[in-house]
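In TrEMBL this protein carries:
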type	residues	note
DOMAIN	1-234	domain 'UmuC'
REGION	21-40	region 'Disordered'
REGION	57-82	region 'Disordered'
COMPBIAS	64-78	compositional bias 'Polar residues'
BINDING	Asp151, Glu152	Mg(2+) binding site
REGION	466-487	region 'Disordered'
COMPBIAS	471-480	compositional bias 'Polar residues'
REGION	621-697	region 'Disordered'
COMPBIAS	673-686	compositional bias 'Polar residues'
Amino acid sequence: MDCFFVSVAIRNRPDLKGKPVAVTSNRGAGKVLHRPGANPQLERQYYQWKQSHTKSADEDLYRTPSQESPESNTSGAGQETAAPSMAEIASCSYEARQAGVRNGMFFGKAKQLCPSLQAVPYDFEAYKEVALTMYETLAGYTHDIEALSCDELLIDSSALLAELCISPEELAKAIRADIKEKTGCCASVGMGSNILLARLATRKAKPDGQHFLRSEDVDDFIRDLPVTSLPGVGPVMSRKLVAMGVRSCGDLQQVSLSQLQKKFGPRTGQTLFRFCRGLDDRPVRYEKERKSVSADMNYNIRFTTVNEAECFLTNLSMEVQKRLQEAGLRGRRVTLKVMVRKVGAPQEPAKYGGHGICDNLARTVMLAQSTDHGEVIASAVIKLFHAMNLQVQDLRGVGIQVQLLDGNAHQDSMGPRKRSIKEMLLDQGSGAKSGNQAIADITQQEKTSTTASSSSFPPLHLTLPEPVPGTSRSHQTCRQTPKHSRTRLNCSIEVPSPSQVDRSVLEALPAELKEQVLQSWTKTRPVSPPPTSAPALYTPPVGTLVLQIPNHPDSPGIVLELPNFSQVDPDVFAALPKELQEELRSAYNRGSNAQLPAKILLEQKNPLLQLKESGVGIGRMKRRYKRKNANSPAKKGPSPVKRNQATKSPAKIPPPSIKTQEPLSMMKAEICPSTSTAKSDISEPSSKILPRPPPTLAGARDLTDIKTLLREWVTTITEPMEEDILQVVKYCTDLIEDKDLEKLDLIIKYMKRLMKQSVESVWSMAFDFVLDNVQVVLQQTYGSTLKIS
């Protein structure tokens, strides 16, 4: 977007449109009062020296300011009472740029260049609102998006252009108009056959325009560009190229690859050789792996004692812990970065609260194991701080960075992983956790809301705001569960039997929680003291839909595993639809054995699962539309879903066949017949719960492979088979159980675009069936549904 911060700031300020405007923290006349100990003149000379000189053998770029220097005055004595403001300009309008103002320039200097320059303050909430609106707008066109920043992104529109049969210029015009209408800000679009050309075309398109750089025009376009326009060519590299006689991309094309690699290294030399010719093979990356988590502060850092510095390092470590847990990550390498006042530099910087002229230092330590605990990080950085042997009075900036991350990649958008009480009770490792740690984990869980959220503005994939009731046709039959009922439903748990509970962990629980666990046992069987922990069994969470392919066409349906009636919240039960309440009562009444979990078969007559345009099952629906379109092509081959299963590629293992889930008691009988037998047969004191494999659809796991499989399925098959539809539903419910709601949202919207546009009406009904089942599971799990427009 064009001058993002300025555009957002003046969208409701018509009096500033067309005038030179800058976003900065200083809103005065560009002058600040001189403070004792500051020397703005010396700092300006130092920064000019850094920008205009390169480091050589006899000349230090980062020379230390000194009072012996004839032009310097460290004390600031004799300086003028008002000095130009050194507040940085974050963004400036094109009118200001015409006067010589640039982003990152000091406001005092900018005011001298452009006396009519208007300063406006920061508005971070407005930036977030506009950026989120822009991403949501573009997600309506395609999900092939790579986020670069809050106002810049890349789109791979190849598939979209082929699907819509339009030109790139028409697509760019529609996108720009849509963004302008929804945000009130202008956007420029550059188009090219690769990332490099698209970004270069964007510079030509600004302001408020669009430019398509065609392949036949690349040579003429790029030949006259300065080398500084290439990505990665900064001031230092630019000076080296100028020393070689290279100023434009045309000059760079005359330099051989061997010369560039000898001067800049193999990788950088290869990149320069390709970029100056318009060659770029970088793909648009929809997902990025996070490499580090950090927290830095270099404004208003002033300490007088070591205790103050240690306290600040501890607080900053807790902030790093918060960010690690929000990302669901842990790290092993901890780096402490500090900015220390350079020897001979003024005690007070020219900018109020700024860091001034500093040396940048860093120290790194490798932890014994990955962690996300602030106390561990604080202990490590405090040791590093003491090893540096610094004067705390000279500290001007502090930063903590954690690298070598590990964790669940899906948790970046879902937030921190909450440990269930069942996992706390089961002994999963070589030894039980300490009591204090168990209490801390449960306290953290109680403080955190358990309502699913699919938003947090994104680093990588577009994420939408938290789920709201959908606008699809299924919303008419899915009632909204009250807010208080949703919260209690999400917090419900299935407590394991006493034989599976570790005594030490149970004793460490809070009194109220321990009492609830004991009460749950008394409702089912007499309370017996828990012996040593037994192997943990994987059991599906309460409310999990177990989809099965019916053996007979007359008995389609979905089997829902129910908890004991004593575990059902009366408020939640009362909030359910009357039809569902009656079926639940009948299901509990039909239970013949209290030890076996009750199952209820939700027939197609249930309004929550009923197809909107037909009261028949999938099989009859398929026969109803059989041969409806005489011109439709015949089935070209086996279903892509089945074909992928038959191929059994070694890179993608097909999922196990869908079958009826056996009762939990039978599983226990096979794996662990009794407590006494387990004690004698099992040599290890405990075992870990096997990790749940990631959901797959016919062996495909990645989002790109899933889309390819679905597209092939819809385009090559005239009518969907019943088992294929159920397998897609099973995959979607697996995503819900895996808490990958972002991926589920992308897949559902992609399926809608494919199936609703199909000429066969049966595909539209198949999508409705899939969506209805997904919405039911979401409603039961999170108390809300997907917003499908």
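Note that Cβ sites are derived from N, Cα and C of the backbone, with glycine treated the same way.
Around the Cβ of Glu152 (Mg(2+) binding site), the number of neighbouring Cβ atoms within 10 Å comes to 15. If you draw a 10 Å sphere around the CB of Asp151 (Mg(2+) binding site), it holds 19 other CB atoms from the protein chains shown. Per-residue confidence over the domain 'UmuC' (1-234) averages out at a pLDDT of 83. In the three-state DSSP scheme, Asp151 (Mg(2+) binding site) falls into the coil class.
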